[in-house]
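Undergrad: According to TrEMBL, the feature region 'Disordered' maps to 1-22. What TrEMBL records for 29-417 is domain 'Catalase core'. For Arg73, Arg113, Phe162, Arg359, Tyr363, Arg370, the entry in TrEMBL reads heme binding site. Feature annotation from TrEMBL assigns active site to His76, Asn149.
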Amino acid sequence: MTESFKYTGNKGKGGELHQPASDTHPIMTIAQGCPVSDDQNSLKAGASGPTLMEDHVLREKLFHFDHERIPERVVHARGYGAHGYFETYEALNELTCADIFQRKGEKTPVFARFSTVAGNKGSPDLARDVRGFAVKFYTQEGNWDLVGNNIPVFFIQDAMKFPDLVHSAKAEPDRGFPQAQTAHDNFWDFISLTPESMHMVMWAMSDRAIPRSLRFMEGFGVHTFKFISAKGNEKFVKFHWKPKGGMQSVVWNEAVKLNGADPDFHRRDMWQAIGEGDYPEWELGVQVFDQKFADDFEFDVFDATKLIPEEQVPVKIVGRMVLDRVVDNFFAETEQVAFCTQNIVPGLDFTPDPLLQGRNFSYLDTQIKRLGGPNFTHIPVNAPKCPMRHFQQDGHMAMQNPKGRVNYEPNSWEGGEHNPRACPAHGYQSSSEQVSGDKLRYRSETFADHYSQARQFYISQTDIEQGHIQNALVFELSKVEHLAIRERMVSHLLNIDETLAKKVADGLGLENMPQAAEAAMKTRDDLPVSDALSILKNGTHTFKGRKLGILVSDGVDAAIFNKVTDALKALGANHEVIAPQVGGVTCSEGKRISAQQVINGGPSVLYDAVLVLVTEEGAKSLAKVPEAKDFVTDAHAHMKFIGYTPSAMPLFEAAGLADKEDKGWIDLNDISAKSFVKTLGALRYWQR
Ligand code: HDE
């Protein structure tokens with residue numbers, strides 16, 4: 001756009017002014033650069049048409065619009081991404097020559113995308129689902145994509161089964177629903193015929209599958225990878241992400257309501273946190289072990305349905321990832337980012353895990369379909385930030401084209417920037433490995449134990465978490481129409497834990513307990529409890545990064561309001577004011593307090609705790625508003641802390657909560673604002 005173009009106003013043929021004339025707006029052009037005089041009226045023959053085919057401005061505008069969509073990801077379609085950096089805590093050169101781990105304190109740019117698996121692009125954020133946790137590290141020796149999940153194991157052991165798994169989980173093909181949920185016959189039919197999925201099912205039915213925030217969940221590389229040092233020494237490695245804000249999940253009823261109240265809850269949360277400078281942060285940890293450990297371990301370390309308990313191989317923290325920048329353009333970055341498990345760098349290697357091997361084909365293949373050709377690495381979010389020198393050329397949308405005459409190897413032309421050579425000393429080296437065997441379709445017998453770690457996960461949960469797993473199974477299987485599928489699932493649960501099976505059978509109203517499913521291997525009951533597997537055992541004790549919902553009425557006690565909001569601010573926590581009108585209320589000191597939500601737009605599920613700060617008159621008037629009653633009954637039912645002053649009682653009475661008061665209810669006349677905010681750090685009053 002040249003400066004010499006000056007906008008001079010734009011009179012439509014009907015005489016009306018379409019845009020205010022202004023010197024501050026540059027002139028609009030079509031994509032070919034031609035300035036546009038009117039982008040609101042098509043070119044017509046006469047005042048009432050018809051429209052002329054000649055109108056190149058209209059045709060270009062419509063043609064481009066028609067082509068705006070690209071295929072959504074076949075899985076992980078709904079996602080949210082952000083930029084940031086990875087900071088290396090210490091040099092790991094004894095373990096790996098990966099450039100990113102060579103220098104303490106070095107910062108490497110990253111792009112991370114979090115996703116749900118089953119739902120379409122427009123599905124709600126709080127679906128019960130695995131969350132994708134994909135990170136692209138733009139290292140100085142190429143892009144390393146760690147394409148993980150928030151659950152450390154997977155449903156299947158062999159890539160061959162992936163299309164079946166995904167077909168079964170997505171909407172049923174004849175009817176096109178249900179959207180973004182596994183609570184249907186096809187999914188549970190497949191699962192109940194796939195015993196290897198039982199460990200993952202325990203995770204998917206646990207609170208891990210309904211995180212409160214993307215910021216409050218762990219991430220895992222899932223597979224075993226290899227670290228290779230400069231001397232050629234090899235170690236196995238599993239990658240972990242530990243959220244600095246601690247882990248936190250919602251309860252199921254809250255998830256269901258959140259999906260209605262704010263389908264964008266997770267992405268909005270991330271957008272707001274970054275916008276407010278409360279940058280989401282995770283530490284990267286590694287579990288490093290050798291062949292001897294792998295040989296002695298109870299399970300096959302190449303089986304993606306198994307994990308290595310942290311108590312057995314501790315997670316060594318090696319760096320941190322900070323997400324400090326939202327995207328400039330959602331499509332350009334979050335949609336077009338192309339993660340590929342094959343993107344690794346010198347110092348790292350794959351293992352024979354049959355799931356990982358299949359992924360290494362699938363991701364590249366899917367990007368070509370999604371992004372339209374082989375040049376998706378030219379899109380800025382995918383382009384490495386280190387030099388690229390190769391002889392790949394041409395193809396659709398080629399943006400970065402090799403210069404000069406040479407485009408083949410070997411060649412006898414002069415060296416220099418445009419004539420690169422492969423380098424055995426510095427180039428990527430696969431670890432050398434003896435491979436032999438018959439060609440056959442085979443599942444290793446070392447992959448045969450499908451229940452022991454499922455049991456270990458279940459027994460490692462607190463009673464509350466076990467209850468949630470039972471309820472989730474009852475909920476999902478109650479949506480299954482075929483009794484035989486429900487029974488088949490319970491027959492698997494019997495191999496995991498008898499009490500669990502019984503609770504689920506009771507919850508489903510099964511008349512007869514089925515036989516335990518046939519199993520290739522007996523469930524081990526000697527695997528110890530692993531506390532690291534529970535969210536609540538590792539609970540956080542701070543309200544930092546969380547949000548208090550303050551329900552107010554005119555005359556709200558300004559002193560309490562100010563003290564609480566100051567204490568929240570001091571801690572790095574947020575609040576939102578919910579009022580009868582978005583214009584806000586007048587407080588006891590006569591000042592206006594503005595509101596972010598009105599009562600029917602700000603249900604308590606949006607908040608980690610609530611404070612009801614209303615006058616008696618305000619409480620009486622809110623007592624007539626159904627949404628205000630829901631606000632407090634839901635907060636109570638979801639085990640949230642409820643701050644209040646006694647003047648709020650008429651609302652609690654109308655909501656049927658008058659005799660339900662417990663220690664999770666906090667009278668702000670009895671306790672300082674600071675102590676109140678400290679109490680909120682427990683996040684929920686589980687004893688309720
Ligand atoms: Fe994926 N997966 N996957 N997956 N996956 C995709 O790639 C696939 C698996 C994961 O934010 C697709 O670009 C196969 C495990 C994430 O863009 C596709 C198998 C884990 C994302 C694909 C698996 C994941 C994907 C669809 C079994 C955790 C989103 C769109 C062999 C370790 C990345 C795309 C993003 C996306 C294939 C199993 C994580 C089709 C064949 C295990 C986080 O290529």
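Placement of Cβ uses the backbone N, Cα and C atoms for every residue, glycine included.
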Undergrad: Based on the record's binding annotation for heme (Arg73, Arg113, Phe162, Arg359, Tyr363, Arg370), what whole-number value in Å is the widest Cα to Cα distance?
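TA: Max span of the heme binding residues, Cα based, is 21 Å.
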Undergrad: Would you report the average pLDDT that the model assigns to the domain 'Catalase core' (29-417)?
TA: 97
Undergrad: With Cβ-Cβ distance below 8 Å and at least 6 positions apart along the chain, what are the contacts of Tyr363 (heme binding site)? List them in sequence order.
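TA: Counting only residues 6 or more apart in sequence, the Cβ neighbours of Tyr363 (heme binding site) under 8 Å are Val147, Ala338, Phe339, Cys340, Thr341, Gln342.
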Undergrad: I'm trying to understand the geometry here, so how far is the Cα atom of Arg73 (heme binding site) from the Cα atom of Asn149 (active site), in Å to the nearest whole number?
TA: 16
Undergrad: Let me know the DSSP-derived helix, strand or coil state of Arg359 (heme binding site), please.
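TA: Its secondary structure by DSSP: helix.
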Undergrad: What whole-number Å value do you get for the CA-CA distance of His76 (active site) and Arg359 (heme binding site)?
TA: 14
Undergrad: Quick one: Cα separation, Arg370 (heme binding site) versus Asn149 (active site), in Å?
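TA: Distance (Cα to Cα, whole Å): 21 Å.
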Undergrad: Please report the distance from the Cα of Asn149 (active site) to the Cα of Arg113 (heme binding site), rounded to the nearest angstrom.
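TA: Asn149 (active site) to Arg113 (heme binding site), Cα-Cα distance: 11 Å.
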Undergrad: Within 10 Å of the Cβ of Asn149 (active site), how many other Cβ atoms can be counted across all chains shown?
TA: 25
Undergrad: Which residue among the binding-site residues Arg73, Arg113, Arg359, Arg370 has the fewest other Cβ atoms within 10 Å of its Cβ, if you could check?
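TA: Per-residue Cβ counts within 10 Å for the binding-site residues Arg73, Arg113, Arg359, Arg370 bottom out at Arg370.
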Undergrad: Tell me, how many other CB atoms lie within 10 A of the CB of Phe162 (heme binding site), whichever protein chain they belong to?
TA: 17
